[in-house]
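Here's what TrEMBL has on this protein:
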- 1-20: signal peptide (SIGNAL)
- 28-62: domain 'Anaphylatoxin-like' (DOMAIN)
- 321-362: domain 'EGF-like' (DOMAIN)
- 405-444: domain 'EGF-like' (DOMAIN)
- 445-488: domain 'EGF-like' (DOMAIN)
Amino acid sequence: FGYKLVVFCSILMAFVFIEAQQLSLDDCCKDGQKRGNDNEDCASLPLISPSTTCRIVQEQCCVTVLEDNMCTTGINVAKEQGLCDSLFANTCETKTAKMCCDCCLVGKAALELGLSCDHSLSVGYQCGLVSRACCVHGSQNNQTAETTLTEGKCAHRCEGNDTCICFKGYKLKPDGKSCEDINECLLGASNCRAGERCINTEGSFRCQREVSCGTGYELTDSNNCKDIDECETGIHNCGLEFKCQNTQGSFRCLPKMQCGAGFIQDALGHCIDINECVSQTGPCPRGQVCINTLGSYICQRNAVNCGRGYHLNDDGTRCVDIDECKAPVPVCGGHGCINQLGSYRCECESGYNFNSITRLCEDNNECRHYPGRLCAHKCENTLGSYKCSCTTGFKLAADGRNCDDLNECESNPCSQECANVYGSYQCYCRRGYQLSDLDGMTCEDIDECALPTGGHICSYRCHNTAGSFHCSCPVSGYTLSPNGRSCQDVDECVTGTHHCAENQSCFNVQGGFRCLSFECPHTTRLERSDTVRCVKSCQPNDFVCILDPTHSVSHTFISLPTFREFTQPEEIVFLRTTVPAYGVYPLVTYEVNFEILEGNLENAFDIIKRVDNGKYVGVVRQVKPLIGPVATVLKLSMRNLTAQGDSSQNIINVHVFVSEFWF
């Protein structure tokens with residue numbers, strides 16, 4: 001049917017290039033076809049040319065013949081049995097035969113159903129060719145009407161309706177005019193018998209008896225086996241340095257270059273020197289030594305070989321001892337040397353051991369051999385000896401092995417005081433200093449004023465000094481107490497440092513003094529004590545004075561600090577009476593009331609009544625803090641009441657001075 005089946009177990013990417021070679025590509029293909037007909041392994045064919053292209057063509061032509069034969073087998077099974085079950089196997093060869101069998105059955109079925117042989121089923125290119133071939137072949141067998149050839153329109157014959165048809169053995173091409181050969185062998189349309197092989201020809205085929213000639217032979221048209229001249233056809237694999245010589249069924253590669261005497265030729269044609277001293281038995285006379293040379297050998301007189309530690313005498317007749325101890329370079333490296341027959345021995349100095357293998361004196365590492373027994377602290381090996389050393393804080397003792405404590409304080413490492421301890425030292429500081437956290441040796445001043453408790457060290461102000469501190473008080477009104485921290489009020493009234501006039505009374509307050517002047521009415525009498533008190537003393541017929549309920553007017557004073565912490569009321573003034581709390585006078589019952597009339601700044605004060613020793617007492621309390629300096633006069637009323645409603649009162653003016661300081 002004139003097509004090639006291209007189903008391979010490996011895909012060939014075809015390429016064409018011109019290469020100088022002895023065989024043509026047709027010759028390479030013919031050799032591959034012959035080996036395919038002989039059922040040889042196409043993947044391991046003998047080389048017939050050094051050309052890579054020839055090898056590829058040879059292999060692929062072999063594969064094509066094998067697959068054509070497999071496909072022909074499958075088509076024949078489809079035509080004879082109508083089933084392909086006998087070809088079921090999982091090998092590459094059987095798969096090809098079964099594919100052709102199945103596709104042929106599809107073509108026969110299309111013919112039986114009256115369908116077109118050129119169907120459009122997507123069964124693949126190879127399967128479509130086999131299917132169409134089986135369909136067309138069956139249709140041609142049923143064709144009876146033929147017409148004569150009409151020149152100019154059809155290649156072979158033309159029917160009445162201008163349809164072209166081809167001679168037997170050909171099929172119409174897609175152009176509808178030209179014809180191409182049908183491969184009857186591929187379609188299984190031949191009538192070759194068993195033992196014969198179908199060979200396709202132009203428009204027909206022929207049957208040839210199958211004969212296996214074997215490797216190196218080919219089958220002639222007369223079915224005879226003929227030797228293949230590999231050298232002439234160029235299918236040998238001899239290299240450039242060899243020439244090909246044909247033999248029956250094979251060939252030989254002979255080297256082009258001939259090797260001379262003393263050389264032998266290897267498989268690649270190279271000349272290799274022959275070692276006559278090894279290949280021959282005793283080429284030299286007794287007492288001589290054979291020495292190989294390039295292409296030959298020489299014989300030399302056998303020399304006397306003295307052992308280690310000996311050398312030939314001056315006559316060269318015998319071996320004498322070598323005195324290694326007299327060599328120019330000392331063999332024992334400065335140690336004692338004792339010569340021996342054929343050898344020597346080193347007398348090593350103290351701290352060294354003789355190594356019998358290297359024949360040298362090697363240092364003895366005492367620190368490793370006697371750990372912890374030589375030095376109290378650290379042992380360091382030296383050449384031929386060792387030395388001891390001490391850890392930090394110690395010094396080597398006079399015996400060179402033990403360690404004594406080092407008094408680091410002698411070198412004054414500390415900025416102030418140093419205390420030596422075993423193996424170390426400790427720095428400490430004098431009062432008012434602390435040890436630095438950075439180096440542990442420097443003493444830094446302690447700022448007592450900045451400590452959390454610094455605010456309570458001094459009453460007023462704290463001044464830091466190197467290693468200490470000092471307190472100070474306000475410029476005037478205070479003096480520093482003997483403890484150096486508290487501030488004491490200066491009583492200007494006692495010391496006479498006030499400037500009050502003669503008609504004024506001096507009252508000392510916290511941090512200062514006040515000059516107060518009190519004038520009593522003409523109708524009263526003036527009494528002086530800690531409290532200035534004006535007691536009413538009316539003249540006869542002075543009804544205004546007599547009817548005035550105020551019995552007395554008193555002036556007193558009190559100095560208060562500015563409280564830093566005010567947690568509860570402070571009792572500051574006590575107004576004591578002579579009125580019994582639970583008793584009564586004859587025919588009269590008394591009651592006492594206390595009241596703040598004026599001067600209560602910010603309501604910072606109140607007055608309560610209580611009983612003390614059976615008598616009524618009025619207590620003035622500070623209930624809220626006041627920030628000084630501030631001054632006020634609390635005008636207090638102490639009113640005496642009777643059951644009849646009669647009352648008298650005493651006015652007490654408390655001059656309150658609040659200092660700006662808490663002390």
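The backbone N, Cα and C atoms fix where each Cβ goes, glycine too.
Owing to the predicted nature of the structure, the values given are computational and were not obtained by experimental measurement.
Across the residues of the domain 'Anaphylatoxin-like' (28-62), the predicted structure has a mean pLDDT of 84. Under DSSP, residues within the domain 'Anaphylatoxin-like' (28-62) fall into helix, strand and coil as 24 helix, 0 strand, 11 coil. Mapped onto DSSP classes, the domain 'EGF-like' (321-362) shows 3 helix, 18 strand, 21 coil.
Taken through DSSP, the domain 'EGF-like' (445-488) splits into 6 helix, 16 strand, 22 coil.
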